[in-house]
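Participant: Features from TrEMBL:
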- Cys146: active site, nucleophile (ACT_SITE)
- Arg21, Arg126, Arg127, Arg166, Ser167, Ala168, Asp169, Asn177, His207, Leu208, Tyr209: dUMP binding site (BINDING)
- His51, Asp169, Ala263: (6R)-5,10-methylene-5,6,7,8-tetrahydrofolate binding site (BINDING)
- 2-264: domain 'Thymidylate synthase/dCMP hydroxymethylase' (DOMAIN)
Amino acid sequence: MRQYLDLMQRALDHGAEQSDRTGVGTRSVFGHQMRFDLAEGFPVLTTKKLHLRSIIVELLWFLRGDTNVRWLQDRKVSIWNEWADENGDLGPVYGKQWRDWQAADGRHIDQIAELIDTIRATPASRRQIVTAWNPGELHAMALSPCHCLFQTHVANGKLSLQLYQRSADIFLGVPFNIASYALLTHMLAQQCDLDVGEFIWTGGDCHLYSNHLDQARQQLSRAPGPLPRLEILCRPAAIDSYEYEDFVLHGYEAQPHIKAPVAV
Ligand SMILES: Nc1nc(=O)c2c([nH]1)NC[C@@H]1CN(c3ccc(C(=O)N[C@@H](CCC(=O)O)C(=O)O)cc3)CN21
Ligand SMILES: O=c1ccn([C@H]2C[C@H](O)[C@@H](COP(=O)(O)O)O2)c(=O)[nH]1
């Protein structure tokens, strides 16, 4: 995960000081790209132990079309708690937009199902896009989508995926986002009988919060290890039928976790 450490180093060395929405303050660079060849291993940080269960369960929750934190909490995942209202609701965030986008003419659009249909029927299509950025509903969301658009691409029997993330919390959010979309690429490829190609991460405002700088330096002092390998134990009939237990990471050896406060 040299690519990730390079982004962290770039923000530390060249980031502009910004006062941001949360009041914490950041060092930020604009525009960055990282490429991961998924055949070389699963892109998960080895320079800090990641809580993979939170990442996998959150992705399954998006794919269910769920936007209430209760299902996450029942599975001991707390990463969305700070943004939920007293009923656990987040408004029409990712799950809603991915699985049930409401069009002006009253249609309900399942972008994930349409994406899979398109990949299977017309793999050369250049219209394989899912977007969570619904300008008409932003006001009702607890947080505007950060990982707001992705596109898939098929070449030589391999599925690649590129994400556009408009706002990126380099220390806490980005490791989650990379692993989550790499996992989604594997799941989509399996559902469409393709091999995995590349995951490409493209970021807009990429920032280190001012209370994450020591943690970032600590991480940069560590040498990255080899990437683990992902195994999916079964092939469910649908993309929303995977379970946490279906995923096994072989050889994930990471250095100790580093704690950091999340900016709300
Ligand atoms: N400032 C900020 N950064 C984010 O990354 C972020 C948000 N806000 N708001 C919405 C979601 C929630 N996400 C989060 C929230 C918390 C952690 C976090 O605290 N991670 C801990 C482990 C916590 C756990 O798994 O239980 C970490 O050390 O990685 C990570 C991603 C990503 N998003
Ligand atoms: O998946 C996610 C979700 C959120 N983030 C980070 C990026 C920012 O630090 C905040 C969102 O604040 P905005 O003012 O809406 O940009 O959350 C992330 O990195 N990954």
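Note that Cβ sites are derived from N, Cα and C of the backbone, with glycine treated the same way.
Since this is a predicted model, take the numbers as computed values, not measurements.
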Participant: On the three-state reduction of DSSP, what should I expect for His207 (dUMP binding site)?
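Facilitator: Once the DSSP labels are grouped into three classes, His207 (dUMP binding site) ends up as strand.
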Participant: With the Cβ atom as the reference point and anything under 6 Å counting, tell me which of the binding-site residues (Arg21, Arg127, Ser167, Asp169, His207) are near ligand 1.
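Facilitator: The qualifying binding-site residues are Asp169.
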Participant: Give me the long-range Cβ neighbours of Tyr209 (dUMP binding site): same chain, 6+ apart, Cβ under 8 Å, in sequence order.
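Facilitator: For Tyr209 (dUMP binding site), the qualifying residues are Thr22, Val24, Gly25, Thr26, Asp169, Phe171, Ala260, Ala263.
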Participant: Calculate the distance in Å between the alpha carbons (Cα) of the residue listed as 'active site, nucleophile' and Ser167 (dUMP binding site), and round it to a whole number.
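Facilitator: Cα of the residue listed as 'active site, nucleophile' to Cα of Ser167 (dUMP binding site) measures 5 Å after rounding.
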Participant: Going by C-alpha positions, which of the binding-site residues (Arg21, Arg127, Ser167) is nearest His51 ((6R)-5,10-methylene-5,6,7,8-tetrahydrofolate binding site)?
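Facilitator: That would be Ser167, nearest by Cα distance.
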Participant: Of the binding-site residues His51, Arg127, Ser167, Asp169, Tyr209, which ones put their CB under 6 Å from ligand 2?
Facilitator: Ser167, Asp169
Participant: In the structure shown, which of the binding-site residues Arg127, Ser167 has the fewest other Cβ atoms within 10 Å?
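Facilitator: Counting other Cβ atoms within 10 Å of each of the binding-site residues Arg127, Ser167 gives the minimum at Arg127.
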Participant: Applying a 10 Å Cβ distance cut-off over all chains shown, what neighbour count does Cys146 (active site, nucleophile) have?
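Facilitator: Counting Cβ neighbours of Cys146 (active site, nucleophile) within 10 Å gives 18.
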Participant: In the predicted model, what is the mean pLDDT computed over the domain 'Thymidylate synthase/dCMP hydroxymethylase' (2-264)?
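Facilitator: That region's mean pLDDT is 98.
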Participant: Please work out which residue of Arg21, His51, His207 has the most C-beta neighbours within 10 angstroms of its C-beta, and give that one of the binding-site residues.
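Facilitator: Comparing the binding-site residues Arg21, His51, His207, the most crowded Cβ belongs to His207.
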Participant: Given that the record lists His51, Asp169, Ala263 as binding (6R)-5,10-methylene-5,6,7,8-tetrahydrofolate, what is the largest C-alpha to C-alpha distance among them, in Å?
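Facilitator: Those residues reach a largest Cα separation of 18 Å.
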Participant: Mind giving me a neighbour count for Ala263 ((6R)-5,10-methylene-5,6,7,8-tetrahydrofolate binding site)? Other Cβ atoms within 10 Å of its Cβ, every protein chain shown.
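Facilitator: Ala263 ((6R)-5,10-methylene-5,6,7,8-tetrahydrofolate binding site) is surrounded by 20 other Cβ atoms within 10 Å.
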